[in-house]
Amino acid sequence: QIDPKDYTFSGLKDETVGRLPGKVAGQQFVIQDCENCKIYIFDHSATITVDDCVNCQIFLGPIKGSVFFRDCKDCKCVVACQQFRTRDCRKLEVFLCCATQPIIESSTGMKFGCFQYYYPELALQFKDAGLSIFNNTWSNIHDFTPVSGENNWGLLPETAVVQDYVPLPSSEELKAVRISTDVTKSIIPVTRGQRQKNSDESCLAVFFAGDYTTANARKLIDEMTSKGFQLVQTKEVVMKAEDAHRVFQQSASEFISLLEKGPVVALEFNGDGAVEQCQSTINEVFSGTKVFVSESKASASQDVDNFYNFADMQMGM
């Protein structure tokens, strides 16, 4: 028998509380009427509601459905979810991983950054919650109630560090979780999202389903970012033959047979020389692996548009 009290934090003040990996195990969770608290859910859940919380620091592990913040103010959060919504909130700062377009309503002073976090159980929790680490539209915010001449939301500074917003837990129980907030270790690849690109040259790389797709995609991200290129966006999506023609154009026929194995993972890199660097890295590091990569600087921006337009339609954005 499930006791809702085990899945609720209510009416707390000046406390540090949390749930260790395995303790929530896909149940729904409620956080309400908390003030000046540090709250950590180091597990996956079905849905989470956060109501009437003030000046709290909150970490929420992967949420299979939605997280809904209502009537909260001055909170700093790290959140991974399928759907993100706020209503009647002010001054929330959120490092977000969200599979669909995040929605704010009647909310002001909202700031968003890209989710960056690691602990050993997190990758499996993403799987259990049915979330892909590559589907993250953290910066593509939809404001239901825009006010003309005002901006209700913005992006956190690029230099923002998670630990300055949501510090690591200090309680003995929660210290057992082996956390790293080092960007290079983050389970979610840290992307630029809607921030201004540094260069007018982008490059699209697409990995096809196989045993090492995730590892290969991460390896390419490491190689490219270590050379100063920026990861703009990532996507994991199922493609059909007709999609391949639309996206890969004349080279579609080489890739169609690979689409039956499962979803593809696409990466967009930005920076002067991105296409050439991406091609040479793929030739050196992934010589035995079929990867689609933009052929030239001229075709690359079209590749990126073709792919992401298709992917956004697929995901109903």
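Every residue gets a Cβ built from N, Cα and C, even glycine.
Database features (TrEMBL):
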BINDING   Gly65, Ser66, Gln82, Gln83, Phe84, Arg85  GTP binding site
DOMAIN    1-146  domain 'C-CAP/cofactor C-like'
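Annotation for Phe84 (GTP binding site): spatial neighbours Ser66, Val67, Val94, Leu96, Cys98, Thr100, Pro102, Ile103, criterion Cβ-Cβ under 8 Å with sequence separation of six or more. Non-local neighbourhood of Arg85 (GTP binding site): Ser66, Val67, Phe68, Phe69, Pro102, Ile103, Ile104, Glu105, each in the same chain, at least six residues away, with C-beta under 8 Å from its C-beta. Of all residue pairs in Gly65, Ser66, Gln82, Gln83, Phe84, Arg85, the annotated binders of GTP, the farthest apart have Cα atoms separated by 11 Å.
Cβ environment of Gln83 (GTP binding site): Gly65, Ser66, Val67, Cys98, Ala99, Thr100, Ile103 lie under 8 Å away, each six or more residues apart in the same chain. Confidence in the domain 'C-CAP/cofactor C-like' (1-146), given as mean pLDDT, stands at 97. Other residues of the same chain near the GTP site, with their Cβ within 8 Å of the Cβ centroid of Gly65, Ser66, Gln82, Gln83, Phe84, Arg85, are Thr47, Ile63, Val67, Phe68, Cys81, Cys98, Thr100. Contacts of Gln82 (GTP binding site) defined by a Cβ separation under 8 A and a same-chain sequence distance of 6+ are given as Ile63, Lys64, Gly65, Ser66, Cys98, Ala99, Thr100, Ala129, Gly130, Leu131, in order along the sequence.
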